[in-house]
Amino acid sequence: MGAQIAGPAPLRNTALLGLGVHRPERVVTNAEICELIDSSDEWIQSRSGIKSRRFAKAHPEESVADMAVSAGAKALEAARLSGAQIDTVIVATSTYPMQTPQCAATVADRLGTGGAGALDISAGCAGFCYALGVASDLVRAGTAEHVLVVGVERMSDTTEPTDRSVRFIFGDGAGAVVVGPSDEVGIGPTVWGSDGAQGNAIRQEPDWVDFAQNPDQKRPWIIMEGTAVFRWAAFEMSKFARQIADKAGVAVTDLDAFVPHQANLRINDVIVKQLELPDTVAVADDIIETGNTSAASIPLAMEKMLRTGQVKEGDTALLLAFGAGLSYAGQVVKMPRLAQ
Ligand code: UT7
């Protein structure tokens, strides 16, 4: 008989302890975007709901890591924790410019965690809810005590300025939460999945090896088949939202808030209609002034709702993120405290 391995600690409840965001200062209007694409403010607003977005300062200022650290520091402040109390950092991003080392290790170092575990998660616009699910289960199982989860993107780096099928949609920013143990259930079970057969609908083209071997072609950019993604999102997501609510034992009509990924106001209108949400459920609409910030969109949308009084700390919200993969993830949560 070999040595006995100690069993896992008893499972515990988890909650969002604090939220912080970083919104770049530079506001980019539809008129500015239309200087380089054949489109109009009217077309962009009517098809997507977007009036403006923010772009980070020119590379390398206001980098992905800078924005992640800024949002992370505010989340720590809201959670009333120091960096040294964070033992795990998870960064959800698809726009960190280096594949090695991972962004999370830099963020863990710059926030003074003193050697926290650090990993990046790449799941496109669904990334934040994937990372939140992993973080909650790590704390629940006792593997981690306090996890900093960051969603951060510089989509202005990865969308071609003259491509009218993507340039007007995306924006830059970061949002972060601290996940920790709790007496009450503050984060419900995660539901997630993917449809890789439709993966081409949002893709990088060409890949980096292909580009290195054929440097005459265009550099890698994000390509999106908007209508295919629109159809998938508008007609599949309400089913997953119901699964998320069912797993949490909450009727969608009893929610205080619905925070869908901010990809297109029209997609979210369809999901809200299919879910038959009553007017008592506040619906996030941060896309109007922020655009689609991919993995940062859910925490940025939560922050807007808390800051403007649409919801308050402790309210029940259903988070639902979706995008590249095509993949989706979500959970029901109690809204966290916001950094002042
Ligand atoms: O975050 C990751 C997940 N992403 C999403 O969820 C995005 C999902 N997709 C969408 O949000 C929408 O598909 C878009 C907003 C990207 C596009 O809206 P759409 O209603 O699907 O437009 P469309 O691509 O079907 O194009 C309609 C028309 C076409 O012209 P014709 O063929 O009807 O004459 C396009 O050529 O609009 C034209 N068009 C534009 N016109 C002005 C396409 N892009 C533009 C543009 N400005 N930027």
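In case you wondered, yes, glycine gets a Cβ from its N, Cα and C as well.
TrEMBL annotations:
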type     : residues : note
ACT_SITE : Cys125   : active site
ACT_SITE : His261   : active site
ACT_SITE : Asn292   : active site
DOMAIN   : 119-196  : domain 'Beta-ketoacyl-[acyl-carrier-protein] synthase III N-terminal'
DOMAIN   : 246-334  : domain 'Beta-ketoacyl-[acyl-carrier-protein] synthase III C-terminal'
REGION   : 262-266  : region 'ACP-binding'
Asn292 (active site) in three-state DSSP notation:
strand
Other CB atoms within 10 A, centred on Asn292 (active site):
24
Between 0 and 100, where does the mean pLDDT of the domain 'Beta-ketoacyl-[acyl-carrier-protein] synthase III C-terminal' (246-334) sit?
98
Could you measure between Asn292 (active site) and His261 (active site) for me? Cα positions, answer in whole angstrom.
8
How many Å lie between the Cα of His261 (active site) and the Cα of Cys125 (active site)?
7
Under DSSP, the region 'ACP-binding' (262-266) has how many residues in helix, strand and coil?
2 helix, 0 strand, 3 coil
Output, ordered by sequence, the same-chain residues six or more apart from Cys125 (active site) with a CB under 8 Å from its CB, or 'none'.
His261, Ala263, Asn292, Ser294, Ala295, Ser297, Ala321, Phe322, Gly323, Ala324
Around the Cβ of His261 (active site), the count of other Cβ atoms that are within 10 Å:
32
